[in-house]
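Take a look at the structure set out below.
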Amino acid sequence: MAAVGRVGSFGSSPPGLSSTYTGGPLGNEIASGNGGAAAGDDEDGQNLWSCILSEVSTRSRSKLPAGKNVLLLGEDGAGKTSLIRKIQGIEEYKKGRGLEYLYLNVHDEDRDDQTRCNVWILDGDLYHKGLLKFSLDAVSLKDTLVMLVVDMSKPWTALDSLQKWASVVREHVDKLKIPPEEMKQMEQKLIRDFQEYVEPGEDFPASPQRRNTASQEDKDDSVVLPLGADTLTHNLGIPVLVVCTKCDAISVLEKEHDYRDEHFDFIQSHIRKFCLQYGAALIYTSVKENKNIDLVYKYIVQKLYGFPYKIPAVVVEKDAVFIPAGWDNDKKIGILHENFQTLKAEDNFEDIITKPPVRKFVHEKEIMAEDDQVFLMKLQSLLAKQPPTAAGRPVDASPRVPGGSPRTPNRSVSSNVASVSPIPAGSKKIDPNMKAGATSEGVLANFFNSLLSKKTGSPGGPGVSGGSPAGGAGGGSSGLPPSTKKSGQKPVLDVHAELDRITRKPVTVSPTTPTSPTEGEAS
């Protein structure tokens, strides 16, 4: 009978268990038949079952829910898979195709409970948007967080990418045909969460935080501020998180594309305006520098599982911005506009943040150093093909002797032409390797120098005829040729006469004996 009573007690609700057990017929029978000892044992058993039922009920309410989802959308190469793999702590991975599935382990340290959060990554090609039906349906919509990923290394694509993928989500949600009442509740919940955001301050409790398991009805009806004119104008009914990846490229944009602080403030202001329209949060991350990766995970579990976080908004660091949903407004965005110098807040995003011109990089051909022996063999073959050349200048082998050089020595001249003394043997000889033109000039120069430097008509000199009329006419007192009587004028006349003689009578030389004229004159 006692066993039957305990089974019945297990099936009843915990609040009514003690009254049913003690006041019912079974309780009266036990109290009257078995005495006080049996009644005391059954009372202890009742208290045990009450504790067990109470603990089970508490655990069922505080247990981490299953079936939560995160949907990532963005362009190809934006870093969607890299971001989730970094959160998981996996360094090496392979990128999926179409619709990729991953998961995040969620652990509640306070309750020692854990679960898995489903992660769906849609391909950057719009061709695959039909696969959203497997990750986002009417049942899982209210348990889903949408993450829009933007590549900050290409900021000129940021705004178009956000608008494109947000419209894809809106189009898919409209196709789900959610009942209007349910959709209205989801939208109101998102508005309520946005309005009730409280920024963590210094007075934030430092004790270990527990998940917020209170229902909406348990919350007090506190007065909230109305939404701004541009806030939640595109309410999807589900939380949205905008993640800007590759923020380490900001320094590259400054160096290579001349971006300044006002450009980054301009980009941030437009992204924050977009986030206001969808009630989204904004986080700047960098997988390369491991910046704000943990913050993304904390924000996900806070939105889906109610985990608290104590991280305030960050807007000072341009590469580590964090703006939770509900913190931002138009006035705070206007603070960025105060730093504009050459830009204006009303400028179009596409006119200011433009795609830089594509630079054609000319890749120089890499020069590979070949083996020394191979190089020497090639060099030897090239040298073998070339004809041998003389070490000096080519020798002029023609039998032509430079014109104007006298060949016949000791010739008699007329009385009015002075005799020419031969060039001494010690004079400079002409190099036979010199060209013909250079040789002729050298011979003439030596010839004229000898005429000007030597005294012509010396006593007993060759080439003077004793019986010439000029000798008789000159008188016998001096015994000198007439050319020596006027030393200042006569040699000049002799030079002209000699030149006339040279031009009238060319000299020929045997080809076998290319002897220089100076040597012939000296012989």
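Just so it is clear, glycine is given a Cβ too, placed from its N, Cα and C backbone atoms.
Taken from Swiss-Prot as is:
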- G74, E75, D76, G77, A78, G79, K80, T81: ATP binding site (BINDING)
- 9-19: compositional bias 'Low complexity' (COMPBIAS)
- 412-421: compositional bias 'Low complexity' (COMPBIAS)
- 458-478: compositional bias 'Gly residues' (COMPBIAS)
- 493-503: compositional bias 'Basic and acidic residues' (COMPBIAS)
- 506-523: compositional bias 'Low complexity' (COMPBIAS)
- S207: phosphoserine (MOD_RES)
- T213: phosphothreonine (MOD_RES)
- S398: phosphoserine (MOD_RES)
- S405: phosphoserine (MOD_RES)
- T408: phosphothreonine (MOD_RES)
- S412: phosphoserine (MOD_RES)
- S419: phosphoserine (MOD_RES)
- S421: phosphoserine (MOD_RES)
- S427: phosphoserine (MOD_RES)
- S487: phosphoserine (MOD_RES)
- S510: phosphoserine (MOD_RES)
- T512: phosphothreonine (MOD_RES)
- T513: phosphothreonine (MOD_RES)
- T515: phosphothreonine (MOD_RES)
- S516: phosphoserine (MOD_RES)
- 1-25: region 'Disordered' (REGION)
- 387-434: region 'Disordered' (REGION)
- 456-523: region 'Disordered' (REGION)
Cβ-Cβ neighbours of G77 (ATP binding site) (radius 10 Å): 14
How many other Cβ atoms sit within 10 Å of the Cβ of T81 (ATP binding site)? 18
Extra residues within 8 Å (Cβ to Cβ centroid of G74, E75, D76, G77, A78, G79, K80, T81), ATP: S82, G124, V149, D151, T245
Going by DSSP, is G74 (ATP binding site) sitting in a helix, a strand, or coil? strand
Row G79 (ATP binding site), column other C-beta within 10 angstroms, all chains, value 25
Around A78 (ATP binding site), which residues of its chain at least 6 apart sit with Cβ under 8 Å of its Cβ? G124, V149, V150, D151, S161, T245, K246
If you draw a 10 Å sphere on the Cβ of K80 (ATP binding site), how many other Cβ atoms land inside? 27
If you count other CB atoms within 10 A of each CB, which of E75, D76 wins among these binding-site residues? E75
If you draw a 10 Å sphere on the Cβ of G74 (ATP binding site), how many other Cβ atoms land inside? 25
